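Record features (Swiss-Prot):
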- 132: active site (ACT_SITE)
- 45, 46, 47, 48, 68, 76, 78, 108, 109, 110, 158: NADP(+) binding site (BINDING)
- 217, 389, 393: Mg(2+) 2 binding site (BINDING)
- 217, 221: Mg(2+) 1 binding site (BINDING)
- 414: substrate binding site (BINDING)
- 17-208: domain 'KARI N-terminal Rossmann' (DOMAIN)
- 209-353: domain 'KARI C-terminal knotted 1' (DOMAIN)
- 354-486: domain 'KARI C-terminal knotted 2' (DOMAIN)
């Protein structure tokens with residue numbers, strides 16, 4: 001197999017990268033009826049597999065799970081989750097031949113082996129679905145010509161897919177049809193129905209392409225979503241304790257500070273997050289973010305270039321073939337950081353304190369979101385896709401750190417995301433070491449001591465305008481408006 005993206009002409013590449021359309025609510029009036037009577041078999045029962053399946057069953061669909069023989073005979077975690085939730089579980093040979101729709105929700109690393117195993121068993125004219133297109137785009141998996149291939153990619157971890165559905169809402173979702181595999185011309189109808197069954201249509205659906213999803217997803221998770229959050233936690237903690245702050249308090253300030261400040265990001269973008277700071281702190285955080293962007297821009301651009309040209313995938317797959325030596329080494333190194341090893345702290349910190357003392361955290365988040373967004377858009381990815389893969393998902397990942405530190409984040413994200421995160425962090429931490437060492441305790445985690453809120457009016461206006469006019473803020477305001485409207489519709493029902 002060879003990288004599918006690299007087989008396309010420049011015109012085809014740009015066309016696929018730039019494919020992105022926010023779908024109208026009326027396009028989902030038929031809900032999931034198109035696949036209502038289908039036999040739907042999910043391959044794998046991890047976080048996405050289980051939670052998507054629960055949502056789809058609650059939407060009235062016929063769902064069962066197929067697992068490897070060893071997973072069934074040894075009653076592994078995937079078997080336990082499926083059976084404990086009352087689903088039919090069977091082997092590939094038992095369930096795949098009767099399936100109208102097969103959802104491949106195994107870990108990225110297992111996609112080739114899973115699809116290779118199930119494809120010969122799939123009946124003529126069946127549909128194969130993914131929630132991430134890495135196997136198609138980067139590994140170049142060739143699917144039988146009679147099989148329709150679609151993608152439905154919720155823009156959050158699997159647990160959140162379920163929780164939002166239970167609240168009567170859903171999570172923004174990207175759908176796509178593989179242009180090489182739509183023999184009956186009904187791929188889009190299938191993808192729409194699948195997305196509706198998971199609750200995605202309640203939050204907003206983007207019609208995109210496999211290529212745009214993969215390239216933007218890889219960039220987001222490597223840089224702002226995981227890499228910058230981990231870098232902020234590791235470097236921030238190291239410098240705070242070096243300047244005399246209690247290790248446990250520093251851990252709490254960062255662990256929950258990342259969650260609190262990105263919660264502000266979720267509701268009103270970078271503008272709202274920055275507005276939670278005092279005027280002097282806002283200007284300081286803005287200036288720090290600009291300095292960080294100068295240092296980090298070449299690294300972000302390198303990651304984007306490596307993703308677009310396939311070098312990242314080749315490097316990661318070489319590590320797969322080498323028994324994950326690099327990934328496991330970086331995972332072990334992360335566990336040994338002072339942030340991860342520090343004890344818990346029971347000192348109360350108010351919501352506003354996290355902002356007041358989080359100037360460094362806010363600057364890192366602002367710089368990371370804007371750099372990731374810009375790198376994607378500069379590569380031909382449409383701004384809506386870039387928004388979802390940068391700003392939108394950041395609070396969801398920060399929630400994982402709040403639950404159980406960096407370990408939780410790296411367990412919940414995909415194997416592909418974990419590798420990319422370590423790759424970025426491994427470069428970013430030494431790159432920022434001198435810069436963070438030059439910061440004062442006020443900048444890092446104590447907050448400004450001056451009581452005056454006085455600033456130069458012209459400078460404040462200039463900073464506010466720069467924050468609000470960035471591309472991620474412009475498209476973000478529009479997309480959050482769509483989601484708010486849709487949430488009202490869902491609540492009314």
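The backbone N, Cα and C atoms fix where each Cβ goes, and this holds for glycine too.
Note that this is a predicted model, so its numbers are computed, not measured.
Feature map: annotations from Swiss-Prot on the structure.
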residue: 68; record: NADP(+) binding site; DSSP (3 states): coil
residue: 78; record: NADP(+) binding site; DSSP (3 states): helix
residue: 109; record: NADP(+) binding site; DSSP (3 states): helix
residue: 132; record: active site; DSSP (3 states): coil
residue: 158; record: NADP(+) binding site; DSSP (3 states): helix
residue: 217; record: Mg(2+) 2 binding site; DSSP (3 states): helix
residue: 389; record: Mg(2+) 2 binding site; DSSP (3 states): helix
residue: 414; record: substrate binding site; DSSP (3 states): coil
Nearest recorded site to residue 217 (Mg(2+) 2 binding site) by CA-CA distance, among recorded positions 47, 132, 158, 414: 132
Candidate nearest residue 45 (NADP(+) binding site) in space, where candidates are the recorded positions 132, 389, 393 and distance is Cα-Cα: 132
For residue 221 (Mg(2+) 1 binding site), nearby residues of its own chain (Cβ under 8 Å, 6 or more apart in sequence): 227, 389, 413, 414, 416, 417, 420, 421
Long-range Cβ environment of residue 132 (active site), under 8 Å and at least 6 residues apart: 108, 151, 153, 213, 214, 217, 414, 416
For residue 78 (NADP(+) binding site), the number of other Cβ atoms found within 10 Å of its own Cβ: 20
Rounded Cα separation (Å) that holds between residue 47 (NADP(+) binding site) and residue 393 (Mg(2+) 2 binding site): 17
Residue 389 (Mg(2+) 2 binding site) CB neighbourhood, other CB atoms within 10 A: 28
Pairwise CA distance, residue 393 (Mg(2+) 2 binding site) versus residue 158 (NADP(+) binding site), rounded so that it is a whole Å: 13
Remaining residues near the recorded Mg(2+) 2 site, that is with C-beta within 8 Å of the centroid of the site residues 217, 389, 393: 155, 216, 219, 220, 221, 225, 388, 390, 392
Local Cβ density at residue 414 (substrate binding site) - other Cβ atoms counted within 10 Å: 20
Close in space, distant in sequence - residue 158 (NADP(+) binding site), Cβ under 8 Å, 6 or more apart: 46, 47, 48, 49, 50, 51, 52
The one of 45, 47 whose CB sees the fewest other CB atoms within 10 Å, among these binding-site residues: 47
Cβ-Cβ neighbours of residue 217 (Mg(2+) 2 binding site) (radius 10 Å): 26
